[in-house]
Amino acid sequence: MNAVPLVALVGNPNAGKTALFNALTGARQKVGNYPGVTVERHAGRMALDDGRPIELVDLPGTYSLDPSSPDEQVTRDVVLGKQAGERLPDALVVVADASNLENHLRFVLQLRQLGRPMIVALNMIDMATRDGLTIDADALSAALGVPVVTTVAVRKRGLDDLRAALAGVLLGSRPAAPAEIESDIRHFQREARRIAADAIVEQPGGRAFTRGVDRVVLHPVAGPLILATVMLVMFQAVYAWSEAPIGWIEGLQGWLAESAAAYLPENFLRDLLIEGIINGVGSVVVFLPQILILFFFILLLEATGYMVRAAFLMDRLMSGIGLSGRAFIPLLSSFACAIPGIMAARSIDDPRERLTTILIAPLMTCSARLPVYAVLIGAFIPAISVGPGIGLQGLVLFGLYVAGILGAIAAAFVLRMTATRGKGGGFMMELPRYQLPSIRDVLIGMWQRAWLFLRRAGTIIMGVTVALWLLASYPVAPEGVKQSEYSIAGRVASGLEVVLKPIGFNHEMSLAVIPAMAAREVAVSALQTVYSIDADADEEGQALGAQLAARWSLPTALAFLAWFVFAPQCLSTIAVARRETNGWKWPIVMIVYLFAAAYVFAGITFWTATALGL
Ligand SMILES: Nc1nc2c(ncn2[C@@H]2O[C@H](COP(=O)(O)OP(=O)(O)OP(=O)(O)O)[C@@H](O)[C@H]2O)c(=O)[nH]1
Ligand SMILES: [Mg+2]
């Protein structure tokens, strides 16, 4: 064999394929305790014990070779060698959850019919043991006619055996292809039950813990209360825990700006460095602690298995608007960023429901909005307590998230009545066992988010901010004229201001929303940059929040917040929506309805707040 052998990881959702992939290749693909984490193929390199390289592909989980959703289609095509530009895998590693053997065996049996070299990785054997389940792997191997290796992917256990077994099957032993091809799912069901019963040596009640917890967490009254409490705690923590680290970053930023001012000669570069980069980009980076706290919670929810329960609780509510709880997970991941959220919609089988989910995903409050919200809340909402442990700032932040969700519900409702009319699918999702989150995984997840955010700050946010600084600094205004109005950027903003003035936007806001199309956070750095450029000597170095509080009225600030709840201020999201819907039609629908909603709601907010005399 010349080419590097290709091995594919397949199996039911949430079996631990990606965990195994990461353990074998050293990759850091996303792992989570809910079905549908992986929605596209990922390839990596691993080596057998004799050093021979292998190309390993991780695939989306699927229950059978009859795909019902776009992500499952990928798996089927790769396994059957029908994927364009990809070889037929030389061997399959079928990952099965040992504590859910009967269900997972069905797919193993269907795959065995292909007559391809394969091994079964009986994963999560630790969980099976915890449940008091004992499985005879040799008996299972004999019954299936393929090698069976027990593994604990998250603890890297069983990998040596797996590599040895893989070396064996790659050398040529393959399962005897059955005489007749079965396609009746009930046949697999019966076979799976029989083989599982033979292989399981001991099986007590099992899953007692998970069932006990679920009795409370899924309770019709207690369940939603718990969910609301979890969310509230999360938003309180974003404020309560971030104060000190934000102070450190601000301290560092101030020190950098002062040092640059003290040591660099007064020229163009010094202004660019201080006003554009240190203050501009710094005004965004300051929010790193809050973003990390938010992700800490999201990662915990994903890893423990609570996420799917939340989806389950939301299902009834969502079916009212023609979506199932299935859509909840892509929507929840959109809290991080709409891009993975829109991609996660691949796990939804009903095409109309999937499209609806894609179209409303940008309404979920992504982490790029957090800096915008946080700076305005910090400037305009007093940090007072409104109840035991409940601060007003956290409550307002929670309210903005809720506003996005309500907007999404309304949009889904309208879409399901019109453009994507149709019946919603039912909620069919396995409830995974509760797991203790691995601290390492949570830390890696947070590190990845931090890195992603800082990279964004150092590239796109910095690039756009510097470009804006240039456009806002030139041509130099004559004495007595405001630089931010005289400059190129200022003149463009004046044009836009005509449209935005009725909803309470001022000149700086009009100036900030254009570059913020590249990335929402730029709205913050743009405002900071404009104020730095215009600053009098006594305002120089003032924090952005203080400047906003001094210059904007409360209705104006609220209108800006309302705008950011709805406005599709993100080119990458639009690009991904185009890719996922294969055309421009739906992204354009998305842009139009979101901008219209942003305009209308910012206007309503402004006029209501003004009428109330705020
Ligand atoms: N206790 C235990 N947990 C595991 C093991 N392998 C994976 N997990 C956990 O099981 C969950 C699912 O793991 P993933 O690797 O994301 O599963 P997957 O098969 O890739 O799932 P999809 O991508 O959704 O198809 C995660 O919470 C993992 O941490 C294991 O051997 N033991
Ligand atoms: Mg996966």
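Heads up, the Cβ atoms here are built off N, Cα and C, so glycines get one too.
Note that the coordinates shown come from a computational prediction; the quantities given were computed from them, not determined experimentally.
Straight from TrEMBL, the features:
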- 4-172: domain 'FeoB-type G' (DOMAIN)
- 216-239: transmembrane segment (TRANSMEM)
- 276-301: transmembrane segment (TRANSMEM)
- 357-384: transmembrane segment (TRANSMEM)
- 390-415: transmembrane segment (TRANSMEM)
- 453-472: transmembrane segment (TRANSMEM)
- 557-576: transmembrane segment (TRANSMEM)
- 588-609: transmembrane segment (TRANSMEM)
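Per-stretch counts of Cβ pairs under 8 Å to the transmembrane segment (216-239) identify 390-415 as the leading one among 276-301, 357-384, 390-415, 557-576, 588-609. Taking Cβ pairs closer than 8 Å, the transmembrane segment (357-384) reaches residues 238-239, 283-284, 286-287, 290-291, 294-295, 323, 327, 330-332, 334-338, 341-342, 345, 348, 391-393, 396-397, 400-401, 404-405, 407-408, 411-412, 415, 420, 449, 453, 519-521, 523-524, 527, 544-546, 548-549, 552, 554, 557-558, 560-561, 564-566, 568, 570, 573, 577, 580-581, 586, 589-590, 593-594 in its own chain, all 6 or more past its ends.
Scored on C-beta pairs under 8 angstroms, the neighbour of the transmembrane segment (588-609) with the top count among 390-415, 453-472, 557-576 is 557-576. Using a Cβ-Cβ cut-off under 8 Å and counting only residues 6 or more beyond its ends in the same chain, the transmembrane segment (557-576) has close neighbours at 338-339, 342-343, 361-363, 365-366, 368-369, 372-373, 376, 379-380, 400, 403-404, 407, 503-505, 509, 513, 516-520, 523, 548, 587, 590-591, 594-595, 597-599, 601-606, 609, 614. In this model, the domain 'FeoB-type G' (4-172) carries an average pLDDT of 91.
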